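Notes follow once the structure below has been shown.
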Amino acid sequence: MASATNLADNIVVVECSNGWEARAEADGRLLVLINNHTVELSAGLGSAGEFYSVLTDVGVRVACSSGYAIVLAQISGLPHVGREPGNFSNITFTGNLANYYTAYGIVDSGYRGVVKAVQFANGVNTVVPPGCMSLGLVLVKLSTETINVTNINLTENGRSPRVNIFYDYFAPKRDEDAGYDISAQTNATIEPDESYFVELPIVFSSSNPAVTPCIFGRSSMNRRGLIVLPTRWVTGRTCCFFILNINKYPVYITKGQRVAQLVLTEDIDEALIPTNVNYNTPFPTYSPTGAVKHNPTPILWKFTEAFDHDAPSSARSEGGFGSTGL
């Protein structure tokens with residue numbers, strides 16, 4: 001039975017399997033996961049195109065405070081692992097010795113299942129030797145405030161904007177969710193290798209300058225080969241992002257389909273989400289050496305063999321999203 005004890009903001013409960021090594025780095029800003037076993041990224045039956053997606057069990061369960069979320073990312077800049085991927089290309093893999101990519105994943109505070117990464121590889125099978133896959137879990141503080149959203153057309157025409165229309169474009173979320181779902185506004189066909197531009201006619205304002213709205217993909221979309229380029233919603237600009245179809249066939253999106261999620265963060269690390277709109281990097285990596293935000297309170301990654309007891313109770317438990325999307 002799970003404990004009902006609330007976690008302190010700076011404590012993350014961690015259970016790690018023998019197949020992975022987990023250790024805190026960069027002054028505790030992230031938990032680095034390195035494979036102790038050979039990871040086989042095998043193409044599943046029915047996979048098509050040059051790239052195929054694989055759901056990789058990263059061997060950990062984590063539990064953080066409800067005011068936080070965890071971002072799963074591929075790590076670069078560590079001396080003991082291969083070089084990080086360059087910008088995505090269907091032809092070359094500049095700088096990517098391992099020939100695999102990892103999509104950003106959001107682990108909600110309520111998720112208690114094993115964290116899984118959506119990864120992409122080329123060829124028939126890609127084998128990653130022990131010690132050559134480096135992933136990271138980055139703790140991200142969520143904003144306690146919402147943002148005020150107005151229609152850009154009303155603002156530009158000098159008319160008084162309506163009251164906050166946030167929920168006209170973003171679905172309500174549960175307390176244990178990190179993000180607000182974003183639905184497609186129209187039907188669309190995304191051609192192979194096409195980056196489809198999504199723009200919502202809205203701008204935001206906030207009384208708290210630390211609030212940083214960011215847009216992330218959804219694991220279910222990643223598994224389909226539709227990658228939302230993770231980006232921040234830049235102040236003064238419309239809400240916009242790109243969806244890349246890495247398949248060798250067109251993919252159809254229907255109006256109302258959930259395609260992305262908005263996460264309201266506070267002072268998110270620019271090494272994780274740069275300050276500008278992301279136009280060309282569907283699979284960014286996180287470099288702890290490039291981090292510019294420093295947590296005033298050190299993060300304690302509390303390792304345990306009694307996870308179900310030490311982790312606070314959760315309405316979601318092992319179901320739903322948690323970098324699985326299934």
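Glycine too: its Cβ is placed from the backbone N, Cα and C atoms.
Positions annotated as substrate binding site by Swiss-Prot: Arg218, Ser219, Ser220, Phe321, Gly322.
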Cβ contacts within 10 Å for Ser220 (substrate binding site), all chains included, total 15
Would you mind checking how many other C-beta atoms are within 10 angstroms of the C-beta on Arg218 (substrate binding site)?
-> 23
All chains considered, the count of other Cβ atoms within 10 Å of the Cβ of Ser219 (substrate binding site) is 24
